[in-house]
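Visitor: For reference, the structure I am asking about is given below.
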Amino acid sequence: MSKGIVLLAAGGTGGHVFPAEALAFKLKERGYSVHLVTDSRAERFAGKFPAEEIHVVPSATIGSKNPVAVARSLWTLWSGMRAAKKLIQRLKPVIVVGFGGYPTVPPLLAATRLGIASMLHEQNAVMGRANKALAPRVKAIAGGFLQESGDVFSDKTVATGNPVRPAILAAAEQPYHPSHPGEPFNLVVFGGSQGAQYFSKAMPTAISLLDDELRARLRVTQQVRPEDMEMVRGCVAQLQMGADIAPFFNDMAERLAKAHLVICRSGASTVSEISVIGRPAVLVPYPHALDHDQAANAAALAATGGAKVIVQSELSPERIASILSHVMNDPEKLSHMAAAAKLAGKPDAANLLADMVEAIAAGKTVSEFKRTRA
């Protein structure tokens, strides 16, 4: 018999959906039924989500200064709140947990108005806009990189870390095996669940600048946006090198486990996953993030020695080629980085977050939960 329904709400990108998925698996193991509220974008990422049902509720972000656009967004949000209220009244969840992104706003607002226990999980070192708007209303906040002190919401914040999916935990069991000169070198390049156009343009040029011996060693996995596929495949064909190019990889965990180096953006889920697996990385924060959250996430891992952070404006193809030339001939350096990344990982974050969800659902305060952890 189910202990009750937990309703999870997450924006439709991998950065929001993947940690929600990790929590869902833990809650299912503990006897709960899980439902997910998200948007249509999540279809690519929610294939393995262990939800009884996935619900799409109208939502919108208010990012425009156009009065007509703002009015439409407010109408959509109001419609979403009505739909979320009906959904919550039907499901009667024991708690509603939001993972950020604008699709979380209607169900969390509805839950707080209906008196249902509610909490947030913030993946980043800087709280996103949706979570920031909801934070005063919810009972508790779990943080991936948030601190438990020095913030207006610190009295109800617990630093749980970011939960990672079972596939990542399985990959973490594989030790790092360095690539020595003359041996194949697995390079994984990606820009988060939605890809990164910058890497599509920079990486082929960088690889073309390597000497023949190094290029022959490379085995590249690169995530590429659909609109860039033809261009990147053409470049790879000209270079006559081994490469897997795709808009999305369902087996990314296994590819990360085999990687000798990762070059990627620094979204919270990405940083958490590569640290749990323990792989050396060059992190390139997304330069147009409103709150510079990726820069803060990257700095957290770089401080441990597990990653090197380079801002995009300073990362030319020539510099990428130079980095590859050095590290491909320095397996000891990469091994040290891999070990440092592994030490920074929080593989038990999903268990801790599930403990917190159960505590808040049972009516405990954050202070009471913290005392049980002490």
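The backbone N, Cα and C atoms fix where each Cβ goes, and this holds for glycine too.
Under the heading UDP-N-acetyl-alpha-D-glucosamine binding site, Swiss-Prot lists T13, G14, G15, N124, R165, S193, Q294.
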Visitor: Excluding near sequence neighbours, so keeping only residues 6 or more apart in the same chain, what lies with its CB under 8 A of R165 (UDP-N-acetyl-alpha-D-glucosamine binding site)?
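Guide: Within the chain, R165 (UDP-N-acetyl-alpha-D-glucosamine binding site) has Cβ neighbours under 8 Å at F18, E21, A22, F25, K48, A253.
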Visitor: Which of these binding-site residues has the least crowded Cβ, counting other Cβ atoms within 10 Å: G14, G15?
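Guide: Ranked by other Cβ atoms within 10 Å, the binding-site residues G14, G15 bottom out at G14.
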Visitor: Kindly assign G15 (UDP-N-acetyl-alpha-D-glucosamine binding site) to one of the three DSSP-derived states: helix, strand or coil.
Guide: helix
Visitor: May I ask you to report the DSSP-based helix, strand or coil state of Q294 (UDP-N-acetyl-alpha-D-glucosamine binding site)?
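Guide: SS state of Q294 (UDP-N-acetyl-alpha-D-glucosamine binding site) = helix.
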Visitor: What is the number of other Cβ atoms found within 10 Å of the Cβ of Q294 (UDP-N-acetyl-alpha-D-glucosamine binding site)?
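Guide: Summing over all protein chains shown, Q294 (UDP-N-acetyl-alpha-D-glucosamine binding site) has 27 other Cβ atoms within 10 Å.
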Visitor: Judged by the number of other CB atoms within 10 angstroms, which among T13, N124 is the least packed of the binding-site residues?
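Guide: T13, out of the binding-site residues T13, N124, has the fewest neighbouring Cβ atoms within 10 Å.
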